[in-house]
Structures are given as C-alpha cells and as structure tokens.
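Reading through the structure tokens given below for one structure.
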Amino acid sequence: MKISYFFVASLSYVSVARASQSFEERCTDFRDSINSLPNVQATIVEYVAGSQNVSLPDNDPSCNQSSQFVTADICRAAMVVKTSNSSQIVMEAWFPRNYTGRFLATGNGGFGGCIRYPELDYTTRLGFAAVATNNGHNGTSAEAFLNSPEVLRDFADRSIHTAAKVGKELTKRFYAEGFRKSYYLGCSTGGRQGFKSVQQYPHDFDGVVAGAPAVHEVNLISWAGHIYEITGNKSEETYLPPALWNIVHSEVMRQCDGLDGAQDNLIEDPDLCHPTFENIMCPSDNKSNNGSLSCITEAQANTVIQLMSPYYNTDGSMLFPGMQPGSETVSSALLYTGVPTPYAKEWFRYVVYNDTNWDPTTFNIKDAQAALKQNPFNIQTWEGDLSRFQNAGGKIITYHGMQDFLVSSFNSREYYKHVHETMGLAPDQLDEFYRYFRISGMAHCYYGDGASYIGGSAPSAYSDDPEDNVLMAMVEWVEKGIAPEFIRGTKLDQDGHPQYTRKHCRYPRRNVYRGPGSYLDENAWECVL
C-alpha cells in the first residue's frame, strides 16, 4: 500500500496550534488529523489519565483480554487502515505525555490477530510513542486466511510496515518535535515480524529487538505437524504420557545441568547437551513398560530422540532443528499431547490447501514440501543478507530462551549461522550491527526457571536500566553507540522479589561458572568462547 501525505502547507499552523494547546486538548482535537491520512479512519481518540484500567469491549474473546491497565498519561487513538480492496488492519497509537522523542512499533504472537496492549502500556511508560495492530484480522485463529490472500499478506509483512509508516506520520503530527529514532519490539511471531522488517523494509526502524523469532516460519509449522508423526496418538507405543516426560526431563538435567560448572537446574548451553536414555529404559526383556511410569520403552526412547533431532527433507537439507534439551515438561503439555497441534492444522487447512476438511493426522514430508514451495509472501523470513539494514545503520538485538517450549532455540542459532555464512562476516563483524543473546532459564519469550526478566516484553520487565533491559540497551546502542556486551536477567520469587541476577552472554560466547562463591552471584560466571 502506498500512502501519500498532503500536510506541508499547514505545518506551521499545526505547530502553532500544538504549542498553544494542553496535552488533553491536543489529544481530543487529533481526530481530524488522523482522518486526513489516506485510507485511515479513526474510531477512538481519547485522553487517558495514568493509573487506570481501559475497557476493551471490541477485543476478540480469543485474545483473552477485556481491559488494560494504563500506567502513563496518554492520548489513545484507535483506527482502521485499509490495506487493499479486501483487507484492513486495526491499529492503535498511544502517545504519552512523558514523550522522549522515540517512536516504537510492537509485534504480535501466534497467528497474530491480537493487539498487544501490555506492550503499548510498557513502552509508553518508557516514553515511546507506540503503535500496535491486529495484523490484519481479529483473534488467534488462522481461519481468516482462508481464500484471502490480502489478509495473509497483512500477516506476513504488510501490517507492521503500514503501522510504521502511518505511526511515524501521526507521531510527527502529534508532537512538534517529531521523533529522533524509531524502534521495534516483538517476540515469537513478533520476532519474525522484526526480522521481516529488517530483511524487506530496512529503513522502517533504527533498532529492532526480536525475541524467540519464529523465522523459518513455514518449516516451523511443518515441524509442528511432524510432531504428531513422531509421537502418534495416546494409544500408540510411541506416545509418552506427561509422567514419563518428567522422568525424561530429570534424566536430561542429571546429564547436562552441570556441564556449565554449576548444579543450578539450568542448562546454559544446550549445544553441549547430548543426552542418552539407557538409564531410564525398561529392562530389555520387556518390550512394553506395562503402564509403568518409572521407565520408558525403546519405542518411547526413539520418540524422545527424534523430537530432539533435526527434521530433514528428502534431499538431506534440514527443514527445522530439533527441540533443545531442557524444555521437555512444558513442551509435553503443549506439543507432545498425542493430538495434532492446532498451529499446523490451521495453517494447512486455511493456507496451504484451502481445504477445511484436511486431516492433520495424515501429515507427512510431502505436506512439508508443498508448504515450503508455496511460502506465501516469503513468510519464511529466512533471508541471510542483511546488508541493506546494516548499510542503513540499523541495529538488531535478538534473544532466545534456553527453555523455550514452542520455538526451538536452535532455530536462532541456525539463523545466526545462516547470516554469518551468507554475508561472510565473522561474529566480531556481525557484532557491529547484529547481536544474539541466549537466555538460560527463559521459557517462550518470558518467565521460566532462571534469570528471565530482561525487559523484552511487558511480562519480563523488571528494571529500566540498559544493562537489565534489552529494549533500553537497544536505545543506548542506537543513540549513544554503546553496544551491549551482555544482557543481565533477574530471577524473581513468587512475590516478585529479586532472588539473583545473571549476565547472559552474546553468542557465540557461553556462560561458565568459575566461582568462587555461589552460582547465584553473577560475578561467579564468565562468558567464554
């Protein structure tokens, strides 16, 4: 979508008007300015005083959010932006009173039809003018993509690009000083959206923070379909019930927890962990565990090994890496359930085949090949040449939890390797614009058993200091040229009190416990190559 703007002649008048208005007046008078943009129609323009809840009656029920607590004083603007004759995005722009001269766009999650209101609140609290969208459809299902290529295009890349263009223009109209720098913050699908911006729209953002990025998107979905091929249903000998996954996890941790020098129930570097399962297998004279929950059979051991192994195409190329060890208990509850994953079922029904009757239990390598060949709007997001973004002066910080139970952290390693090989840059050269941090004890995007509070999203925000907050670390890198050597994470107890901190290393460095003293002391750890 092309957006043209016709406001230069009235710019001086607008500047005078802004200077003479209060923040509240400027907000309530902003509707006409929004509506003057091509293909944009305001639906809500309101001043919201901080420290109150805002009701969200139009938010899709599947988004599971009916209100949002707003921390800072903001001008809230909701609007519909037409992206084609058959598609549109719902977008919100929040303009804080405590504006710091920075613009920011946030991403989505899953199939991405939910505005991330917590991120809007989090970033406006930090002084960003922030925008977010529904990614072109409402709710968490992919059903909106059925026979709707323009809606799918919004999901693939156009929604964030449109939000950046419209959001930047509105920011310049709302604040006399405009904005100095532009940023992006997202995780999972939002991480993929960040890299899509880097690859396809290198001038949209000065700094991109992309957590647990779902790049290799098509192959990630096929891997999700492949899981059922491996586990089978609950009646098959290949299936493991949750209790057996607990045994598997305990064995993984027994073998791998101490590889980093500390017995802390965390795996710092899953690349070093190659567990075997002879010690928990049932006696060799039993082909079945007869319902025992104390040992696994040979068939079940093969299931575990396959899930931890890469998924290959028939030509020997890797489609997607296996799941990293250490994530077994949560992954078993969400992915290894003995039924096909909804993620794969919906994508193949509503995108690949446009057939609502497609049976996900029949998934095989031919389906993965069909999906990869289709790759609509290059949603794979696997371009290895990031030179346009680099030449534009952009910076990337990506992070991935080593306990991620949905998107294997090995995927971020593989993408880093792909960029390294494509651009022919050594890690120290990549460090000039692209840094990857492995976060031990972080699950998918946030939470987990370790020092996972790094400020990559609203749920993981604890401190605003650049050393403790990945978003503010990006600001310091872009605006002061100070690149982060580490990202400090904080472990909180159940009452929200800090237990310990840990400095998470930039890849390819790994964390090793050197002592002396407790592993709870961040200075007892060292980043080594």
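All positions are counted from 1 along the displayed chain.
Just so it is clear, glycine is given a Cβ too, placed from its N, Cα and C backbone atoms.
Copied from Swiss-Prot, the annotated features are:
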ACT_SITE  S188  active site, acyl-ester intermediate
ACT_SITE  D404  active site, charge relay system
ACT_SITE  H444  active site, charge relay system
BINDING   D257, D260, A262, D264, L266  Ca(2+) binding site
DISULFID  C27-C75  disulfide bond
DISULFID  C63-C114  disulfide bond
DISULFID  C187-C445  disulfide bond
DISULFID  C256-C273  disulfide bond
DISULFID  C282-C295  disulfide bond
DISULFID  C505-C527  disulfide bond
CARBOHYD  N53  N-linked glycosylation site
CARBOHYD  N64  N-linked glycosylation site
CARBOHYD  N85  N-linked glycosylation site
CARBOHYD  N98  N-linked glycosylation site
CARBOHYD  N138  N-linked glycosylation site
CARBOHYD  N233  N-linked glycosylation site
CARBOHYD  N286  N-linked glycosylation site
CARBOHYD  N290  N-linked glycosylation site
CARBOHYD  N354  N-linked glycosylation site
SIGNAL    1-19  signal peptide
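When Cα-Cα distances from N64 (N-linked glycosylation site) are compared across the recorded positions C27, N138, N233, D260, C282, the shortest belongs to N138. Within 10 Å of S188 (active site, acyl-ester intermediate), counting CA to CA, the recorded positions N138, D260, C273 contribute nothing.
The CA atom of D260 (Ca(2+) binding site) is located 56 Å away from the CA atom of N85 (N-linked glycosylation site). According to DSSP, C273 (disulfide bond) sits in a coil region rather than a helix or strand.
Spatial neighbours are here defined as Cα atoms within 10 angstroms of one another, and by that definition the neighbours of N138 (N-linked glycosylation site) among the disulfide-bonded residues C114, C273, C445 are C114. One way to see the shell of the Ca(2+) site is to take the Cβ centroid of D257, D260, A262, D264, L266; the remaining same-chain residues with a Cβ within 8 Å of it are G258, L259, G261, Q263, N265, I267, E268, S440, Y513, Y519. Cα separation, D264 (Ca(2+) binding site) to C256 (disulfide bond), rounded: 11 Å. Comparing CA positions across the recorded positions D257, A262, L266, D404, the one lying closest to C114 (disulfide bond) turns out to be D404.
Counting other Cβ atoms within 10 Å of each Cβ, the recorded positions C75, C187, L266, C273, C527 show the lowest value at C527. Listed in sequence order, the recorded positions from N233, L266, D404 having a Cα within 10 Å of the Cα of C445 (disulfide bond) are D404. When the alpha carbons of N98 (N-linked glycosylation site) and C75 (disulfide bond) are compared, the span between them is 11 angstrom. Checking each of the recorded positions (D257, A262, L266, D404, H444) against C273 (disulfide bond), the C-alpha distance stays within 10 Å for D257.
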